[in-house]
Amino acid sequence: MTIMRKSHPLMKMVNHAFIDLPAPSNISGWWNFGSLLGLCLIIQIVSGLFLAMHYTPDTLTAFSSVTHICRDVNYGWLIRNMHANGASLFFICLYLHIGRGIYYGSYTYMETWNSGIILLFLTMATGFMGKVFPWGQMSFWGATVITNLLSAIPYIGTDLVEWIWGGFSVDKATLNRFFAFHFILPFIIAAMAMVHLLFLHETGSNNPLGIPSDCDKIPFHPYYTTKDFLGMVLLLAFFFTMVLISPDLLGDLDNYSPANPLNTPPHIKPEWYFLFAYAILRSIPNKLGGVVALVLSILVLALFPHIQTANQRSLMFRPISQFLLWMMVSDVLILTWIGGQPVEPPFIIIGQVASLLYFLIILALMPIAGLNENKMIKW
């Protein structure tokens, strides 16, 4: 008699993906972030669904409906804090997941890597629209400034912005359509994540050594299911500590003031997870140039498979490339800090140097380091 998980059409799919899946025997904790991102997505969809039951996407009542959720709905304050901090946690896991992919050379799986970049863009779009819903000062002005960047596109820019706004400024129509998109996008992300997994299971997982592991594989269950479960427990412990003790740590206190189109905040900035890209945007004095640099700051990830010059896949035994990668991480942290500062000296020049260094490391220094390391191995 065949085991049900190997014969039932639905169970068979789950079995191939999560139970009998052959996995490298040496993958470390850095490979946990895929499952943690899945957990974050589930938290966001469930908490978002409950928030949508009480939220009204209308400029007159949006702010008071969020207040109503926090004050009158049973555990509404908890659901709202979970959703707001869940977004931050999502991006923390996402950036660590991308960092691991760069460090261990996982970008050589082209389809998996490119579907991951599409997932990143979708998640960023969802996060941006979610920021608008409380209809606080930073919601309104952040939406105005960021959407207005599209007006830099030649010829169609102004029409495009007015089409997105649904009028001549960010208003009720904008909030309504953002709510519709924000509701549907997580389900598109979930579908895209399944495509991402499909591509990954075509090739199998990479490992810290960056070498083929076909000769030494173990079943995913129970080894990596247990490992993933431990990661989830640790993640949830960190998450609920943040939600219950310091829910506004990563938020913007300006958003506790209702949106006022007549009063511009002294410093308009997006959420912390977009600050590095925002700093790159601001470092270029030209509007169109800034928008191009903003898009390229994420799209440059797609070039990694094409600018790989080293014979070794992983950075584990490549000290020069390791140094450059950690230099890039430091640079992104500096850009994140700069993005949250006002546009005045010395922040302007620091942002410009950090932006130049970001592209220089990825496009020039890392490929050169790879070629040098090839020569060093031959010695």
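Yeah, the Cβs are placed from backbone N, Cα and C, and that goes for glycine too.
Taken from Swiss-Prot, the feature transmembrane segment covers 33-53 (among others).
The annotation transmembrane segment is assigned in Swiss-Prot to 77-98 (among others).
In sequence order, GLN44, SER47, GLY48, LEU51 are the residues near HIS83 (heme b b562 binding site), counting only same-chain partners six or more apart with C-beta under 8 A. Secondary structure at HIS83 (heme b b562 binding site), as computed by DSSP, is helix. If you look up Swiss-Prot, you'll see HIS83, HIS182 marked as heme b b562 binding site.
Summarising the annotation, Swiss-Prot assigns heme b b566 binding site to HIS97, HIS196 and lists similarity to another entry as the type of evidence. Its Cβ placed at the centre, HIS196 (heme b b566 binding site) has 21 other Cβ atoms within 10 Å.
Taken from Swiss-Prot, the feature transmembrane segment applies to 113-133 (among others), supported by similarity to another entry.
Residues or ranges marked as transmembrane segment in Swiss-Prot: 178-198 (among others).
As annotated by Swiss-Prot, ubiquinone binding site applies to HIS201, with the evidence given as similarity to another entry. Look at HIS201 (ubiquinone binding site): DSSP puts it in a helix. Long-range Cβ neighbours of HIS201 (ubiquinone binding site) (same chain, at least 6 residues apart, Cβ-Cβ under 8 Å): HIS16, ALA17, LEU21.
Residues or ranges marked as transmembrane segment in Swiss-Prot (evidence: similarity to another entry): 226-246 (among others).
Within its own chain, the transmembrane segment (288-308) has Cβ neighbours under 8 Å at 98, 102, 105, 107-108, 110, 113-114, 117, 120-121, 124, 149-150, 152-154, 276-278, 280-282, 355, 358-359, 362-363, 366-367, 370, counting only residues six or more beyond its boundaries. Taken from Swiss-Prot, the feature transmembrane segment covers 288-308 (among others), and the record attributes it to similarity to another entry.
Summarising the annotation, Swiss-Prot assigns transmembrane segment to 320-340 (among others). If one looks beyond the transmembrane segment (320-340) by at least 6 residues along the same chain, the residues whose Cβ comes under 8 Å of a Cβ in the stretch are 99, 102-103, 269-270, 272, 274-280, 282, 310, 347, 350-351, 354-355, 357-358, 361-362, 365-366, 369-370, 372-373.
Annotated transmembrane segment per Swiss-Prot: 347-367 (among others), in sequence order.
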Coarse DSSP state, helix versus strand versus coil, of HIS182 (heme b b562 binding site): helix
Cβ-Cβ distance under 8 Å to HIS182 (heme b b562 binding site), same chain, at least six residues away: GLY48, THR126, MET129, GLY130, PHE133
Range from 33-53, 77-98, 113-133, 178-198, 347-367 with most C-beta pairs under 8 A to the transmembrane segment (226-246): 77-98
Listed stretch, out of 77-98, 178-198, 347-367, that has the most CB pairs under 8 angstroms to the transmembrane segment (113-133): 178-198
Cβ neighbour count within 10 Å of HIS97 (heme b b566 binding site): 20
